[in-house]
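Pasting a structure here, questions to come.
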Amino acid sequence: MDSQFNRHRRLRRTANMRNLVRETHLHVEDFIYPIFVAEGQDIKKEIPSMPGIYNLSLDHLTEEMDEVVSLGIQSVLLFGVPLEKDACGTQAYHEHGIVQEATRLIKEKYPEILVVADTCLCEYTDHGHCGLIENGEILNDASLELLVQTAISQAKAGADIIAPSNMMDGFTIAIREGLDEAGFEHIPVMSYAVKYASAFYGPFRDAAGSTPQFGDRKSYQMDPANRLEAMREAESDLMEGADFLIVKPGMPYLDIVRDVKNNINLPLVTYNVSGEYSMVKAAAQNGWIDEERIVLEMLTGMKRAGSDLIITYHAKDAAKWMNSHK
Ligand code: PBG
């Protein structure tokens, strides 16, 4: 046959043939599952815009962790919902802050589980910004000191990975040096290196009560229109000693994921954020989409784009579906 075209379909003919040539695979170990730990007693409050995701007090954390562990998920990312907020986010770096206490509890009961601590002030400040404020402006360098204290207190509580999400300049090197000086040179930094000022964080801010009380985050988070700037941010974090880089959000930014993956040789983490989750859930609840297929396709797309790991609220559902197909 002197055919004029290629027979691509040969490799798609049967399920096993397709399995044989599949290039991208999702693994449950790829997932980092975010959990909102709330200060107080007997709290299990579903976040209205994030069906299936809860604010949980410590007395409900064990049942959540039992499920996470039984599904084979090995990493969780902790966010705190404190009872008290103030101008300098004291509860972020308090020895008995909610994330510190949750970390101790998880590491005691599930020592093998990796606890990733989100290092930011916005859940703990009364103004809702990620740094200190003076005359309506964010104080970059003064905020770094508090972020370093936060990271050290999280490491002291047993966090396995520090994940700073605040987008102050220099946070990676400041935290790296602070951890080293405090004896935590073995604790990696998973930097939110490339974090856009995104409307997709809306539901998260409902969950964490961290909506800025004035202004927005555009002076520290990135302009969604920029691509080259993402490389500058990623290069800075590489030089400053990051061990992992996060790109955030996920789905609308997979070009950035690929750029970073092609240019920087560090494990790359994509954050499939709250708004992405909410959109899928809303459509699924309306019966408009096939949730399982949509979610697994999205997560596969993130890996194909270059993600090594994915922070996702879909982790438990995806793990259930993946385990049932084994
Ligand atoms: C804290 C932080 C935010 C998210 C992760 N860490 C909120 C923000 O920057 O406003 C968003 C995560 C999500 O939307 O799922 N700075």
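Yeah, the Cβs are placed from backbone N, Cα and C, and that goes for glycine too.
Per TrEMBL, Zn(2+) binding site is recorded for C120, C122, C130. Under the heading active site, schiff-base intermediate with substrate, TrEMBL lists K195, K248. Annotation comment: TrEMBL describes R205, R217 as 5-aminolevulinate 1 binding site. Here TrEMBL flags E233 as Mg(2+) binding site. The 5-aminolevulinate 2 binding site annotation in TrEMBL covers S274, Y313.
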For R205 (5-aminolevulinate 1 binding site), identify the closest of the binding-site residues C120, C130, E233, S274, judging by Cα separation.
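Checking each of C120, C130, E233, S274 against R205 (5-aminolevulinate 1 binding site), the shortest Cα distance is to S274.
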Of C120, C122, C130, K248, S274, Y313, which recorded positions come close to ligand 1, meaning Cβ under 6 Å from one of its atoms?
C120, C122, C130, S274
Three states by DSSP: which one describes S274 (5-aminolevulinate 2 binding site)?
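Assignment for S274 (5-aminolevulinate 2 binding site) reads helix.
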Helix, strand or coil by DSSP: which one applies to R205 (5-aminolevulinate 1 binding site)?
helix
In whole Å, note down how far the CA of C122 (Zn(2+) binding site) lies from the CA of K248 (active site, schiff-base intermediate with substrate).
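The separation of the Cα atoms works out to 17 Å.
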Given the recorded positions C120, C130, K195, R217, E233, find the one whose Cα is closest in space to the Cα of S274 (5-aminolevulinate 2 binding site).
K195
For each of C120, C122, count the other CB atoms within 10 A of its CB; which of these binding-site residues has the top count?
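Per the Cβ count within 10 Å, the most buried is C120.
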Report, in whole Å, the straight Cα-to-Cα distance of C120 (Zn(2+) binding site) from K195 (active site, schiff-base intermediate with substrate).
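K195 (active site, schiff-base intermediate with substrate) to C120 (Zn(2+) binding site), Cα-Cα distance: 13 Å.
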Would you kindly give the Cα-Cα distance separating Y313 (5-aminolevulinate 2 binding site) and C122 (Zn(2+) binding site), rounded to the nearest Å?
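If we compare the Cα positions of C122 (Zn(2+) binding site) and Y313 (5-aminolevulinate 2 binding site), the gap is 20 Å.
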Cα-Cα separation of C130 (Zn(2+) binding site) and R217 (5-aminolevulinate 1 binding site), in Å?
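C130 (Zn(2+) binding site) to R217 (5-aminolevulinate 1 binding site), Cα-Cα distance: 8 Å.
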Where R217 (5-aminolevulinate 1 binding site) and C120 (Zn(2+) binding site) are concerned, what is their Cα separation in Å, rounded?
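About 13 Å separates the two Cα atoms.
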Between K195, R217, K248, which of the recorded positions has its C-beta surrounded by the fewest other C-beta atoms within 10 Å?
R217
Determine which residues of the same chain, besides C120, C122, C130, have their CB within 8 A of the center of the CB atoms at the recorded Zn(2+) site, and list them by sequence.
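The surrounding set, listed in chain order, is G89, L121, E123, T125, H129, G131, S165, N166, S210.
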Using all protein chains in view, find how many other C-beta atoms are within 10 Å of the C-beta of the residue listed as 'Mg(2+) binding site'.
22
